[in-house]
Amino acid sequence: MVTTTEPITAAATTTTSSTVLSTEKQQIKYDFDRATCSSYIGESDTVTYYAGSVDINWAIGQVPAGGYVVALSLSAVLDHFSTRYQQHPASLNTFFFKKTEAGPFIVEITELKSSKKGFVVVKAVLRQPKKYNEKNKVPQDLSKYDRNQYVTKTLSIITMSDMNGETGITLSKGETGVAPVPPQMATMEPAKMDYMGDYVDLYQDKSTYPVYDTQGNVIKPGRAEIHHGYDFKDGRETDFKSLPYWADLFTNPLYSMGPQVLGKSKYWMPTLQLEVQFKTVPKDVKNVIATFKIPHIVNNRFDLDGALYDQHQNLLAITRHQCLVVPWERNVGSSSSSSSASSKL
């Protein structure tokens, strides 16, 4: 995260140039951190502002991946709370209003519930210019930010806490009898990613897929459930900021049902709403293993539940999505940003 050292008011200007910011960004060690970094550009009334640039390489087709977009807002909030008592997100709920595009973004952070040592609830709104233009520049201070020329892309409600001070009843390893069973990396094999494969290694357990005989007849039906393992190719460990990214990175479990459900057409399955509940502080997390399932789909709108664990099967977070099944053309047909996205699922 690139930050300035002194607060900037609405009337003040920053001495940090775009050249300096670009240089600092290049000095960030890991790909994911370079792609999600933003800078504090000031405060106005009860709102704190961060600015950055969306990296189109972290996209599915021509649309930046939902979990990556969530990480942009969460990254700004984590930086905003870096000197506060509450430095750990307990939960986030993000609503996707419009497609995110390559180029500048602003995160507006507003505190909704304050507390000295208890839970703090904030609203983080990610906004981008109304009209895409490759010449759009990231605002370096509030005087360069014309809010009337920006539109809301996502709205997140994030609860911040101090997990190091939490104690009490803990049943996180299946003791309740109804929790998901953590997948096993031993049952997974490397899987090719169509998007973002330059940054991520993906592993997949295909035991939930249907089994066919030599004539193509189903002899064992599949189920709408998928198990994955992940890691960053450059060795970056998983932390709070990257958990929403993993929570939204999966081969859609509907494909495990076979072509009798989706047929042979290509679909885009955008997220309308994404919730993540964080359960513990990630420590030395080299690999994430995850399980996702779709209990219901009604009129092309489905709910998806997931759980994410570290390499030792300790629970990191749970997630719930509300998504749509739409033609792939909805992804590429009206996008005004990049016409190519380098290598996801």
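Along the chain as shown, the residues are counted starting at 1.
Just so you know, glycine gets a Cβ as well, placed from its N, Cα and C.
What TrEMBL says about this protein:
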type	residues	note
DOMAIN	56-128	domain 'Acyl-CoA thioesterase-like N-terminal HotDog'
DOMAIN	229-325	domain 'Acyl-CoA thioesterase-like C-terminal'
Which value does the mean pLDDT take for the domain 'Acyl-CoA thioesterase-like C-terminal' (229-325) in this predicted structure?
93
With helix taken as DSSP H, G or I, strand as E or B and everything else coil, how many residues of the domain 'Acyl-CoA thioesterase-like N-terminal HotDog' (56-128) land in each class?
15 helix, 33 strand, 25 coil
